Amino acid sequence: MVKIRQFLLAILWLQLSCVSAAKNEVEQSPQNLTAQEGEFITINCSYSVGISALHWLQQHPGGGIVSLFMLSSGKKKHGRLIATINIQEKHSSLHITASHPRDSAVYICAVR
């Protein structure tokens, strides 16, 4: 009986998470971006409801989705990529320094 109860609680939690996520409006800008090699690029993401984490994802043409960053506060850096989040302002940015043709991809901001 205990195992069944834990399973049901997990299902309920997943359902509540989906409902909460459905009410959160996420806006990413710019929606399209063209840059010259070597430029500094910024992609912004705003959301309407408090979150536990924000993910920056990348998908190259014909490829799978890759997680770049998971943020709950502050700033993270990996190579030429920098991601920041401001929980109070409900805003995150992804910065690409010294852009390169291999950076051509779809960038996705996802919240939970």
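Every residue, even glycine, has its Cβ placed from backbone N, Cα and C.
Here Swiss-Prot flags 1-21 as signal peptide. Annotation source Swiss-Prot lists domain 'Ig-like' at 24-112. Residues or ranges marked as N-linked glycosylation site by Swiss-Prot on the basis of sequence analysis: ASN32, ASN44. Swiss-Prot lists CYS45-CYS109 with the feature disulfide bond, giving sequence analysis as the kind of evidence.
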Just the number: how many Å between the Cα atoms of ASN32 (N-linked glycosylation site) and ASN44 (N-linked glycosylation site)?
12
Of ASN32, ASN44, which of the glycosylation sites has the most Cβ neighbours inside 10 Å?
ASN44
Long-range neighbours only, meaning 6 or more apart in sequence with Cβ under 8 Å: which ones does CYS45 (disulfide bond) have?
VAL26, GLU27, GLN28, LEU54, TRP56, HIS91, SER92, SER93, LEU94, CYS109
Could you check what DSSP calls CYS109 (disulfide bond) once collapsed to helix, strand or coil?
strand
Across all the protein chains here, work out how many other Cβ atoms are within 10 Å of the Cβ of CYS109 (disulfide bond).
21
